[in-house]
Amino acid sequence: MISIANAPWEVGFLSHLRPTSSPTSEYLARSRLEKMWDIVVVGSMMMDLVSTVERLPKVGETIHGISFEHNYGGKGANQCVAAASLGATTAMVGLVGEDSYGKKYLRHLRELEIGEGSTSGIDLEQVFQTSKAMTGIASIWVDGQGNNSIIITAGANSDLKVSDLKGADHLLKKAKMIVCQLEIPIETTLEVLRRAKEYGCRSIFNPAPAVKDLPAEFLSYSDILCANETEAELLCGFPVDTDDACQRALAFLLERGPNTAIITLGERGAVFATKDSPKTQFVTVDQVKVVDTTGAGDAFVGALAHFLVADPEGEGKLREAVRKACKYASLTVQFPGSQKSFPAIENMMADFFD
């Protein structure tokens, strides 16, 4: 694998910096010792191949598309970009291929404008390229109502092994929050959660894409579990489609390990509960005109991580973090794409989260 840390740009903590001269090993060593990251995301990076259609096709049917474009996605990178866009200092741990998509993706992240004068950014030191697999691909269909169907081919994401975490240990030990999902090998995600617990770091586990019969250790190692209704149903073994079912699901999940359980409900907002305060709390969201829901769940997770790190104490702070994450996600669905629909904090109304 090739580390992009050796390429001719400053590794670093301001992702909007343009390529410059190579950093010295002394600079990197000093940065590693002194730097503490708000959020470290270990997860997937995907090129999104997006077709816009009037309606989704039936089985065996061929239909005309309205438009097609390449976007940058993958749950891990989406969540990282969302958190950075809101002002968090973030680091990404991931793997792409040495193909044209992988090169484009790295260039995109290096050149990403988080915001003029921003002190946030994405550290790419532990993002690697591999010649053994293609960059992950997500084939996405988006209909006229903003609904989508997605098929992912994990590619290089499937090669992110537990052994690859060795170089990222300094990131995990110094993170205020660690975020992970299930678009990389489950044993790698489980090891990340285990280390977070060992290092005393808060973690958010987003069990997506949904996996049936997920090992129980995932819940026992998770600090904060954040699932949508479909994912919660697979974890719990019963439909999560009513308020009563949400309450049952939260109780079920909390009994199995996490300190906090959150279920996102799309346009209806979210529900959550904690071990210390097990009564279910509902958070609603204003209705908006939906253009594209792709990446909305990732926007929620990234925003949640940011707001919990920015203001971490107390149950009231958790409710505020969930409320603000709902608002941020509802903003992103009004625009097409995933990462490109995530606005930077500098470009938002000052009172948007009030």
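A Cβ is built for glycine as well, from the same backbone N, Cα and C atoms used for every other residue.
As recorded in TrEMBL, the features of this protein are as follows:
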ACT_SITE  ASP298  active site, proton acceptor
BINDING   MET46, MET47, ASP48, GLY74, LYS75, GLY76, ALA77, ASN78, GLU183, ASP298  substrate binding site
BINDING   ASN228, THR264, LEU265, GLY266, GLU267, ARG268, GLY269, GLY297, ASP298  ATP binding site
BINDING   ASP292, THR294, THR332, PHE335, GLY337, SER341  K(+) binding site
DOMAIN    38-343  domain 'Carbohydrate kinase PfkB'
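Ranked by how many other Cβ atoms sit within 10 Å of their Cβ, the binding-site residues MET46, LEU265 place LEU265 at the bottom. Taking Cβ-Cβ distances under 8 Å and a sequence gap of 6 or more within the same chain, the neighbours of the residue listed as 'active site, proton acceptor' are LYS75, ASN78, GLN79, ALA82, ASN206, SER338.
When the C-alpha distances from MET46 (substrate binding site) to the binding-site residues LEU265, THR294, SER341 are tabulated, the minimum falls on THR294. Taking the centre of the Cβ atoms of MET46, MET47, ASP48, GLY74, LYS75, GLY76, ALA77, ASN78, GLU183, ASP298 as the substrate site, the nearby residues of that chain (Cβ within 8 Å, site residues left out) are GLY43, SER44, MET45, TYR72, GLY73, GLY136, ALA138, SER338.
Here the C-alpha separation of PHE335 (K(+) binding site) and ASN228 (ATP binding site) works out to 21 Å.
A straight line from the CA of LEU265 (ATP binding site) to the CA of THR332 (K(+) binding site) spans 15 Å. Closest to GLY269 (ATP binding site) by Cα-Cα distance, out of the binding-site residues THR294, GLY337, SER341, is THR294. Spacing of THR332 (K(+) binding site) relative to ASP48 (substrate binding site) is 16 Å (Cα to Cα, whole number). Straight-line distance linking the Cα atoms of ALA77 (substrate binding site) and THR294 (K(+) binding site), rounded to a whole number, equals 13 Å.
Comparing GLU267 (ATP binding site) with ASP292 (K(+) binding site), their Cα atoms are 12 Å apart once rounded. When the binding-site residues ASP48, GLU183, ASN228 are compared by Cα distance to SER341 (K(+) binding site), the shortest distance belongs to ASP48. Whole-number maximum of the Cα to Cα distances across the ATP-binding residues ASN228, THR264, LEU265, GLY266, GLU267, ARG268, GLY269, GLY297, ASP298: 16 angstrom. There are 22 other CB atoms within 10 A of the CB of SER341 (K(+) binding site), with all protein chains counted. Candidate binding-site residues: ASP48, GLU183, ASN228. Nearest to THR294 (K(+) binding site) by Cα distance: ASP48.
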